[in-house]
């Protein structure tokens with residue numbers, strides 16, 4: 001039999017990594033020298049947080065995402081811990097709230113001012129005291145608001161409810177004590193009803209977080225797991241670690257049966273920890289090794305052979321950790337489907353790395369941007385603790401579609417300071433306010449310049465008479481009017497460009513006529 005290659009049709013076959021230019025990197029950042037196997041970096045659409053090296057306690061740096069270039073060595077920091085900071089995580093539902101854990105056995109939650117950190121912050125919003133040894137890992141619940149998980153070197157996982165008036169919280173709502181060694185990683189399923197952990201005792205545990213009961217336990221002698229990921233709604237679980245012969249290895253497990261892995265794949269013989277990152281919208285898996293310069297990426301399917309290698313991004317700069325931008329912070333106009341923030345310790349550099357699907361069209365590509373998890377919680381902390389599970393509230397990444405959320409939040413949540421900050425600083429709301437302001441000034445200027453006999457005419461906007469236009473009542477009407485305004489602005493820009501071209505043509509014709517007449521006049 002002749003061998004025939006098997007080709008798969010995939011829209012992500014040609015995804016490539018595009019590193020940022022030097023001007024778009026963050027230079028001069030004193031990245032921590034800690035040997036903890038964490039990412040040391042957290043990103044959201046507004047801020048970048050990175051754990052830094054400092055003397056006398058622990059601190060981390062918070063920069064606005066647009067604060068690229070050389071970073072001031074005396075830039076203010078968040079420095080309230082008495083020991084080295086080991087992990088930081090942004091609240092997925094509040095861009096101005098970040099949690100940190102430290103060697104001083106505490107977890108602290110901080111409020112970041114809307115304009116960034118302008119002076120050292122030493123007083124946290126909440127302080128969580130309950131662990132007896134250094135806290136190495138924290139995770140936010142994916143759908144419930146203000147629920148935080150922490151695990152420490154006392155082998156315990158604690159669940160905290162931040163919706164309480166106390167500034168110092170000493171009693172977690174649940175303590176899980178099934179682990180016999182240090183917990184290395186945690187991962188939640190889509191609605192947060194299950195979470196998986198890997199431990200130094202080589203076991204992978206699947207647990208129910210509210211009750212703390214172990215549902216399944218995997219102990220594979222040929223695979224020592226280090227990091228774990230629950231792969232969205234695929235009902236599969238991925239672990240990265242080492243094989244019996246100390247090769248770096250990935251293993252894929254059936255979420256309903258952790259007795260034997262579905263797939264084991266050796267990567268290489270290096271020694272650095274493997275960090276896996278999964279995008280449930282595109283079903284793409286990114287694998288990066290600590291100390292490596294490359295990032296491998298795969299596509300995962302629910303049928304055999306499950307794992308499909310796509311390509312890898314290669315670089316000469318070794319990475320210490322990665323921050324990952326949430327999907328709502330990506331540049332959809334350039335077909336960006338994932339963005340890393342790569343920590344390069346040897347150069348004190350943070351380099352953004354974009355994964356891009358090559359497309360000729362510059363319009364919004366709906367097939368690579370399905371509805372994704374938004375920045376609104378599906379549950380309150382009390383609802384989740386009472387036993388309710390809900391999937392994430394989805395949002396569209398199409399430009400302009402976020403107006404509905406920002407408008408409703410602006411009208412409903414003006415009382416709460418953090419909610420009002422969030423609604424006022426969302427790009428959709430700013431864009432709508434800007435366009436409305438521009439249209440208002442344009443109409444005002446035109447009206448001021450009209451003659452007295454023309455002022456009686458009714459102005460038009462988007463093809464409709466303003467006097468007959470009723471204000472939008474529902475959110476859908478507001479969104480439609482916003483899209484109409486965008487189309488009107490786009491049409492006016494095209495008209496201006498055409499007139500500019502016509503003006504240049506007329507100037508050239510006048511110049512040619514003058515040149516042709518000058519010799520004849522002589």
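Cβ from N, Cα, C; glycine included.
The annotation coiled coil is assigned in TrEMBL to 475-516.
The compositional bias 'Basic and acidic residues' annotation in TrEMBL covers 443-457.
Taken from TrEMBL, the feature domain 'DUF1899' applies to 5-69.
Annotated region 'Disordered' per TrEMBL: 440-465, in sequence order.
The repeat 'WD' annotation in TrEMBL covers 78-112 (among others). Tertiary proximity for the repeat 'WD' (78-112) is limited to same-chain residues at least six positions away from its ends with a CB under 8 Å from its CB atoms, namely 32, 34, 36, 38, 40-47, 49-51, 54, 57-62, 120-129, 131-140, 142, 145-146, 148, 150, 152, 160, 162, 326, 373, 375-377, 418, 421-422, 425.
Mean pLDDT for the repeat 'WD' (128-170) in this predicted model: 95. Marked as repeat 'WD' by TrEMBL: 128-170 (among others).
Taking Cβ pairs closer than 8 Å, the repeat 'WD' (176-217) reaches residues 37, 136-137, 139, 141-144, 149, 151, 153, 155-159, 224-230, 232-233, 237, 239, 241, 253, 255, 257-258, 280, 378, 384-385, 387, 389-392 in its own chain, all 6 or more past its ends. Per TrEMBL, repeat 'WD' is recorded for 176-217 (among others).
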Long-range environment of the repeat 'WD' (128-170) - Cβ separation under 8 angstroms, sequence gap at least 6: 36, 38, 83, 86-93, 99-109, 176-177, 179-186, 188, 190-192, 195, 197, 209, 373, 377-385, 389-392
Secondary structure composition of the repeat 'WD' (176-217) [DSSP: H/G/I, E/B, coil]: 0 helix, 20 strand, 22 coil
Taking DSSP helix as H, G and I and strand as E and B, the domain 'DUF1899' (5-69) has 3 helix, 24 strand, 38 coil
